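Participant: Take a look at what TrEMBL says about it:
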{"type": "DOMAIN", "residues": "5-152", "note": "domain 'Lactate/malate dehydrogenase N-terminal'"}
{"type": "BINDING", "residues": "11, 12, 13, 14, 15, 16, 17, 105, 112, 129, 130, 131", "note": "NAD(+) binding site"}
{"type": "BINDING", "residues": "92, 98, 131, 162", "note": "substrate binding site"}
{"type": "DOMAIN", "residues": "156-320", "note": "domain 'Lactate/malate dehydrogenase C-terminal'"}
{"type": "ACT_SITE", "residues": "187", "note": "active site, proton acceptor"}
Ligand code: NAX
């Protein structure tokens, strides 16, 4: 049997964690032969609720789960962890400006980045789910100078999965028939779900749907899906977000083969995106490393949308610059 790995999840008592933790403990993220120790972080006020979640996890008697460490202390949570799923964040409250939200979460992710820098394993893989996810990941990355910047990522997998399912429904196909889906940019309403390179059962997706549907239906539906779910359910996406987080880490750790997935990662300058910006790209993964899919032709329509979401990310980055000085 392998040695257990320590997996940190922040916001352990929240609604995303309530679906995510059980699946991680069952082995769905890191494999059926990988024992796990869960490290769960919460705010002091939610520690009692977290205990309740841990009781339920205990009651599943998962064979792979060796221990659960619960704390409101960053050192306890991040010591020796190899995976860190940063889910907890302050939600946008009534009357709160976008910049206020950036700065409140900026403070949280500065501290978490520093603690990862000081206490986590050197190969720790970090996924930021808490919004604004890309910029929170940027802040954590910049606050962890001793860790490889490449190990800081943010989640656009939910957007990617939403795009797959919309296109499958439109073309009457199965999601497994769809290859080479791409989501570019920020996890926000400026994101650009792009089917220019996508195939459906081997045929170019763009030949199966018309441009009018792409512009007026597909792109806005994927961009606004989070808001549509809040409107219908009265709460934000949780189980789908938890599953996307699991898939993001699973694919990063275990490999995608030649299938493309979308991950927000520090740009290496590919496709003209400024270096270091946490921007969603199409990637493949192998042996625990991701690589950006190279050589895609970017037409004018795509470029304008990729630029718009880049601009938003640059504005977010600039709004928190002084926190990192
Ligand atoms: P909840 O409010 O249900 O849970 C968040 C939990 O985090 C709470 O229990 C809270 O006490 C805890 N928390 C807050 N600040 C913390 C801190 N500094 N340290 C430790 N714990 C802390 O939110 P939930 O629905 O679980 O969503 C979590 C985050 O995911 C939100 O920021 C949300 O906006 C974001 N999302 C991101 C998505 C993505 O695709 N990237 C999609 C889903 C989701 O909207």
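For all residues, glycine too, the Cβ spot is worked out from N, Cα and C.
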Participant: Would you mind sorting out which binding-site residues among 92, 98, 162 put a C-beta under 6 angstroms from ligand 1?
Facilitator: none
Participant: Can you tell me the CA-to-CA distance separating residue 11 (NAD(+) binding site) and residue 131 (substrate binding site), as a whole number of Å?
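Facilitator: About 12 Å separates the two Cα atoms.
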Participant: Going by C-alpha distance, which of the binding-site residues 13, 15, 131, 162 is nearest to residue 187 (active site, proton acceptor)?
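Facilitator: That would be 131, the closest of 13, 15, 131, 162 to residue 187 (active site, proton acceptor).
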Participant: Using other CB atoms within 10 angstroms as the count, which residue among the recorded positions 162, 187 scores least?
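Facilitator: Output over recorded positions 162, 187: least Cβ neighbours within 10 Å is 162.
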Participant: According to DSSP, how is the domain 'Lactate/malate dehydrogenase N-terminal' (5-152) divided among helix, strand and coil residues?
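Facilitator: Split by secondary structure, the domain 'Lactate/malate dehydrogenase N-terminal' (5-152) comes out as 68 helix, 28 strand, 52 coil.
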Participant: Rounded to the nearest Å, what's the C-alpha distance separating residue 13 (NAD(+) binding site) and residue 92 (substrate binding site)? Just drop the number here, would you?
Facilitator: 18
Participant: Under a criterion of Cβ-Cβ distance under 8 Å and sequence separation of at least 6, what residues of the same chain contact residue 92 (substrate binding site)?
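Facilitator: In sequence order, the residues whose Cβ lies under 8 Å from that of residue 92 (substrate binding site) (at least 6 apart) are 98, 101, 131.
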